[in-house]
Amino acid sequence: GSSWVAAFLCFIILLTTAGNFLLILLIVTQRSLRNTSNYFLVSLFMSDLMVGLVVMPPAMLNQLYGRWVLRGDFCSLWYSFDVMCCSASILNLCVISLDRYLLIISPLKYKLRMTSCRALWLILATWTLAALASFLPIKMGWHELDFEVRSPNVTSRGDEDQCRLLVSLPYALVASCLTFFLPSAAISFTYCRILLAARKQAVQVASLASNVATAASDETMLQVPRALGQPAAGSENRRFTNKHSKKALKASLTLGILLGMFFVAWLPFFVTNVTQAVCGCVPAGFFDVLTWLGYCNSTMNPIIYPLRDFRRAMGKSLPCCRRSGEPRPSAISLSMRNSNSGARAATSLKNVL
């Protein structure tokens, strides 16, 4: 069965590496995607790319051979990169949710609030926090009980050829709160607010469309009395209302998928990690499965987060992704556009009405 496991893990590694590298290359080469919001996506894809290149291959060897086959000095270095890259990926998701929250709550002030300089400082703070939660405590031995510095490839069970990071309860609680529980609470709050704002905008657009259609129908009936004027206006109003109701439903499903994939991937691992620090009763095989489930979040991020702008740019760059017709721009969209997205959305809405 190891051949099937090796094939599956190799497929996960290749998909993670290729997906994140392709989207980073797309943002760098396409001028239309070089905006402040996509800076955070580049940081996310970079952390996920490092998970695919640096973290997953040694983890695959560990899984297949059942022991650490590389040099013993690399064990602590690998675990430091493991904690840092996974923490950076989660923190980048938190920053992206904050950026989208600011964009949809106050689109006209977004350009003043989220400048390029502030975006770079947020990205630097994200990676600094991830590094402080990984390299510093592991190097200093703060993750061990009573700060005992032991050989990094020796576990409490005496398996000298294993490379497992056994952490103390204080380190597990502090690191888990800083890199998962607090960011996940922030992600849930911002995406719920985004969902409520999207539904509110859909209701406002439908109400505005109804008023405009009614006014236009009344004016038409006064100037040129026609029997078909009122049904035509009513039908157009219903179509417009249904269109934005579908967009609100699609936004709800998208946010549900984002939150669902994130919690399914990481919540079991962090709960089990704290449990392992408390009692040390978690089987090693089960813990490895949950670890790879968390790694798969880096595989899914390039599939979930790039929306319409990325698909359009990819269609222009790759012949296999080109379509016969370009999709029409929407009045309300959660796709990450540039800093002037609020003004463009208002213009688009005005043209539609």
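Each Cβ is built from the backbone N, Cα and C atoms, and glycine gets one as well.
Residues or ranges marked as compositional bias 'Polar residues' by TrEMBL: 332-353.
The annotation domain 'G-protein coupled receptors family 1 profile' is assigned in TrEMBL to 19-305.
Among the features that TrEMBL reports, region 'Disordered' is placed at 322-353.
For 6-27 (among others), the entry in TrEMBL reads transmembrane segment.
Annotation source TrEMBL lists transmembrane segment at 39-57 (among others). When Cβ-Cβ distances below 8 Å are used as the criterion, the transmembrane segment (39-57) is approached by residues 9, 12-13, 16-17, 20-21, 23-24, 27-28, 78, 81-82, 85-86, 88-89, 92-93, 95-96, 99, 116, 119-120, 122-123, 126-127, 130, 295, 298-299, 301-302, 305-306, 336 of the same chain, each at least six residues removed from its ends.
Residues or ranges marked as transmembrane segment in TrEMBL: 77-98 (among others).
Sequence-distant contacts of the transmembrane segment (119-138) (same chain, six or more residues past either end, CB-CB distance under 8 Å): 36, 39-40, 43, 47, 76, 79-85, 87-88, 91-92, 95, 99, 152, 165, 171, 175, 178-179. Taken from TrEMBL, the feature transmembrane segment covers 119-138 (among others).
The transmembrane segment annotation in TrEMBL covers 171-192 (among others).
As annotated by TrEMBL, transmembrane segment applies to 248-271 (among others).
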The domain 'G-protein coupled receptors family 1 profile' (19-305) [mean pLDDT, rounded to integer] | 81
Given the transmembrane segment (77-98), its same-chain partners at Cβ distance under 8 Å and 6+ residues beyond its ends are 40-41, 43-44, 47-48, 50-51, 54-55, 58-59, 70, 122-123, 126-127, 129-131, 133-135, 138-139, 152, 163, 165, 175, 178-180, 183-184, 186-187, 190-191, 194, 262, 266, 294-295, 297-298, 301, 305
